[in-house]
Amino acid sequence: MTFNRKDLLGLEDLKSSEILALIENAESLKEISQRDIKKVPTLRGKTVICFFHEPSTRTRTSFEIAGKRMSADTVNISASGSSLVKGETLKDMARNLEAMAPDVIIIRHSVPGTPHLLAHTLKTSIVNAGDGAHEHPTQALLDLMTIREHKGKFEGLNVLLVGDITHSRVARSNIYGMTTMGMNITVAGPPTTIPPFIERLGVKVVHRYDHLIPECDVIMMLRVQKERFHRPLFPSMREYSKLFGLNLKRLQKAREDVLIMHPGPINRGIELDPAVADGPFSVILEQVTNGVAIRMAILYLLCRGISEK
Amino acid sequence: MTFNRKDLLGLEDLKSSEILALIENAESLKEISQRDIKKVPTLRGKTVICFFHEPSTRTRTSFEIAGKRMSADTVNISASGSSLVKGETLKDMARNLEAMAPDVIIIRHSVPGTPHLLAHTLKTSIVNAGDGAHEHPTQALLDLMTIREHKGKFEGLNVLLVGDITHSRVARSNIYGMTTMGMNITVAGPPTTIPPFIERLGVKVVHRYDHLIPECDVIMMLRVQKERFHRPLFPSMREYSKLFGLNLKRLQKAREDVLIMHPGPINRGIELDPAVADGPFSVILEQVTNGVAIRMAILYLLCRGISEK
Amino acid sequence: MTFNRKDLLGLEDLKSSEILALIENAESLKEISQRDIKKVPTLRGKTVICFFHEPSTRTRTSFEIAGKRMSADTVNISASGSSLVKGETLKDMARNLEAMAPDVIIIRHSVPGTPHLLAHTLKTSIVNAGDGAHEHPTQALLDLMTIREHKGKFEGLNVLLVGDITHSRVARSNIYGMTTMGMNITVAGPPTTIPPFIERLGVKVVHRYDHLIPECDVIMMLRVQKERFHRPLFPSMREYSKLFGLNLKRLQKAREDVLIMHPGPINRGIELDPAVADGPFSVILEQVTNGVAIRMAILYLLCRGISEK
């Protein structure tokens with residue numbers, strides 16, 4: 001059970017053994033962030049470039065902290081300060097970065113498939129930190145890690161994914177990862193936000209989810225990405241919140257060991273009631289903590305790959 | 001004599017023994033920046049986040065250098081690249097950062113009280129790097145350190161603070177710190193820039209300061225913050241400069257050991273004549289040098305706190 | 001043969017022995033970036049500030065990686081987040097940075113002569129990372145290093161520099177450096193882009209270059225800097241590309257050991273045909289790799305200077 005790839009581009013084609021290898025590695029690295037001296041020399045002399053074309057705090061910071069806690073040198077490049085404003089192609093820019101001998105390039109980009117293009121072009125390891133509405137694999141891995149911490153298994157767990165599935169890279173990566181791990185997924189959202197034929201990915205679709213709550217092991221609420229769509233996909237935020245938002249009343253019917261998850265940032269009062277976000281079933285901040293561990297694992301496995309494989 | 005708090009939010013409620021502990025600590029750390037190899041392993045494995053919501057060069061750079069010289073891992077987050085643009089609340093974002101196990105979060109924010117809100121919300125140590133027109137404690141501490149270096153004491157020193165007191169967090173923190181240390185403060189500025197009832201903080205108010213110059217041990221000029229007010233507080237810059245600007249002529253009446261201070265950045269020719277800014281009484285660049293030492297002391301005392309208290 | 005200056009401002013007044021010292025130093029440091037653990041402790045405890053007033057990816061990243069691979073602490077300051085927006089003069093800001101005891105300040109600025117002003121003002125070592133259309137010395141040094149790797153010498157080599165010479169700091173630095181090293185330079189471009197009296201720098205000028213291709217050892221294509229000029233210097237990009245762009249047809253007449261160089265970022269299809277940019281004569285990515293080595297050498301020689309001279 002191991003992970004031997006050059007890149008982490010998505011969960012679509014990862015085997016369950018690879019997902020497990022990543023998670024188990026992260027579990028063993030997690031305690032480093034709980035030490036008094038949160039630093040190991042594992043990646044000393046490795047160069048990690050964070051190349052973010054879309055605004056990000058938690059993901060970029062999480063990767064940067066993951067790299068630094070393993071003693072890697074981290075370099076940040078944001079779109080605004082970059083030479084892409086001078087008309088350079090992304091491919092040329094990536095080749096240029098590669099010529100400076102980094103070990104890993106972490107990329108976030110609004111165009112789906114960009115990390116795959118770079119992975120194909122470069123010998124350097126590429127990590128997808130979110131490509132448009134396509135995949136966000138480290139998010140799904142940290143979600144899976146959090147579920148396993150609480151449930152001790154994946155097989156047979158019932159998951160409800162609520163929100164705008166069409167525009168969510170978090171949903172897509174989780175659907176790939178969770179089905180691979182043998183979980184049962186139902187997606188719920190307004191009809192305009194569910195992609196046609198999504199059942200082919202092995203998920204069930206509903207447009208009301210109250211009746212499913214009693215069977216859920218995990219309820220994952222997605223963020224309403226107000227900044228992403230130019231014409232509204234549903235009548236109003238109020239309407240959305242009423243039909244799809246998770247509140248204490250809806251949660252009354254839940255199992256007492258249900259996990260409430262959210263990839264953040266939360267729109268409080270829209271998809272998630274503050275009382276639920278901060279309540280006893282919420283594992284939202286544990287997800288963030290596990291994010292650092294997952295990213296340490298990814299960086300470790302990719303850098304080790306370069307030198308040992 | 002020691003400093004045992006979780007946070008550094010302001011000087012308003014610090015005791016003189018705490019202020020002295022911080023300054024003495026900074027005095028002992030200052031020589032590190034004069035070494036050939038300017039680095040000690042003291043904060044190895046500690047994570048320091050600089051979270052700046054307002055533009056800053058000197059303060060952010062000073063904190064970053066302070067952290068790096070003590071071997072801490074430093075991570076920068078600016079407002080523009082952050083997920084606050086996605087509608088997240090500051091409190092949620094702070095909780096998310098905390099979940100990544102930083103040791104200190106340094107925050108600058110335009111809303112007064114923001115650092116206090118975070119300090120109340122988080123277990124992580126918070127340092128206020130400037131909150132609106134409220135406080136800027138590390139600036140006042142470096143000012144006090146610079147005064148002590150030259151005068152050897154605080155008790156009984158006469159300080160003149162000149163400028164827009166209402167909008168100055170530097171003035172407010174210095175008034176708190178200097179009165180605590182037993183200094184006599186007079187503030188001078190156009191009537192529109194002096195907050196009502198400021199005498200209750202233990203300072204005298206004047207609207208012309210020439211007659212006071214001969215008694216001053218310290219003259220601290222404040223920056224005219226052109227970018228901060230939308231309607232002018234005085235007729236013209238020329239008028240302000242004539243009445244309140246410090247020039248060589250005004251300085252002729254000063255004691256020969258007077259200290260001229262300014263928190264920077266200077267508006268040359270407005271509040272401060274270039275000949276004074278660069279003259280023999282100016283300790284403006286010493287203030288900057290001491291800023292690194294004060295920030296090293298703060299980071300050290302807060303991080304030590306976390307692990308030893 | 002050595003380099004003993006406080007600053008690297010340009011190639012105009014460097015002697016050939018100094019240029020050689022820098023290149024030979026870079027040649028010996030280059031292999032560090034090829035190691036499994038790409039890090040040496042040489043600059044531990046040194047502080048390097050990258051102060052970039054114009055957008056840059058490759059140059060800033062190259063300097064940052066160079067610093068980190070030698071264990072220096074690197075701090076980035078960009079124009080947008082800086083206190084220059086508060087009306088501070090550049091000189092004051094530089095003096096403030098100096099008061100924080102950096103060892104090297106690397107500056108890019110749109111105003112020619114800015115690095116020279118800082119070098120004159122500060123005791124800190126200054127590196128010019130591009131000042132307007134004046135000089136970009138580390139670029140020319142990495143170009144020279146790349147040429148020497150392939151040709152084993154400089155003396156007598158024929159170089160063709162094609163593009164907008166007037167607005168190119170890369171061209172200017174290369175003209176200085178290459179003439180110092182005994183190379184024969186011809187510049188080619190539309191008449192509107194060739195500065196008057198440029199022959200006085202020791203170069204020949206042509207307005208068509210096809211006939212020269214068979215004699216060229218090196219063809220260096222410059223980027224059409226679309227973002228820099230507000231009124232066009234030539235009728236159209238298509239016209240420019242037809243007359244001055246380097247394509248496979250033009251290259252047929254070249255020697256089989258010709259080197260095709262470009263400082264990047266490339267405008268593919270304008271000054272350089274993709275088939276040429278990615279073809280067997282192109283050393284464009286080697287230039288980037290050598291850029292890290294040259295910048296390691298500069299930082300090393302300047303920091304050593306500070307402590308040993």
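Note that Cβ sites are derived from N, Cα and C of the backbone, with glycine treated the same way.
Curation does not apply to TrEMBL; its annotations are automatic.
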Exercise for review: Check TrEMBL for me: it has B:Arg58, B:Thr59, B:His136, B:Gln139, B:Gly264, B:Pro265 binding carbamoyl phosphate, so pick out which one of B:Arg95, B:Arg108, B:Arg238 it puts in that same site.
Suggested key: B:Arg108
Practice item. List those binding-site residues among B:Thr59, B:His136, B:Gln139, B:Arg169 whose Cβ lies under 8 Å from any Cβ of chain C, in sequence order, or write 'none' if there are none. Key: none
Review point. Roughly how many angstrom lie between the C-alpha atoms of B:Gly264 (carbamoyl phosphate binding site) and B:Arg223 (L-aspartate binding site)?
Key: 7
Practice item. Fewest other Cβ atoms within 10 Å: which of the binding-site residues B:Gly264, B:Pro265 wins that one? Let me know. Key: B:Pro265
Check your understanding: DSSP three-state call for B:His136 (carbamoyl phosphate binding site): helix, strand or coil?
Key -> coil
Review point. What's the CA-CA gap between B:Arg58 (carbamoyl phosphate binding site) and B:Arg223 (L-aspartate binding site) in angstrom, rounded?
Key: 14
**Study point:** Residues that sit under 8 angstroms from B:Arg108 (carbamoyl phosphate binding site) by C-beta distance, when 6+ apart in the chain
**Key:** B:Phe51, B:Phe52, B:His53, B:Glu54, B:Ser56, B:Thr59, B:Arg60, B:Ala129, B:Gly130, B:Asp131
Revision key, fill the gap. B:Pro265 (carbamoyl phosphate binding site) to B:Arg223 (L-aspartate binding site), Cα to Cα, whole Å, comes out at 7
Revision key, fill the gap. One should report the C-alpha separation between B:Arg223 (L-aspartate binding site) and B:Gln139 (carbamoyl phosphate binding site), rounded to whole angstrom, as 13
Exercise for review: Summarise the domain 'Aspartate/ornithine carbamoyltransferase Asp/Orn-binding' (B:155-302) by DSSP state, stating how many residues are helix, strand and coil.
Suggested key: 60 helix, 24 strand, 64 coil
Point to revise | DSSP three-state assignment (helix, strand or coil) for B:Arg108 (carbamoyl phosphate binding site) | key: strand
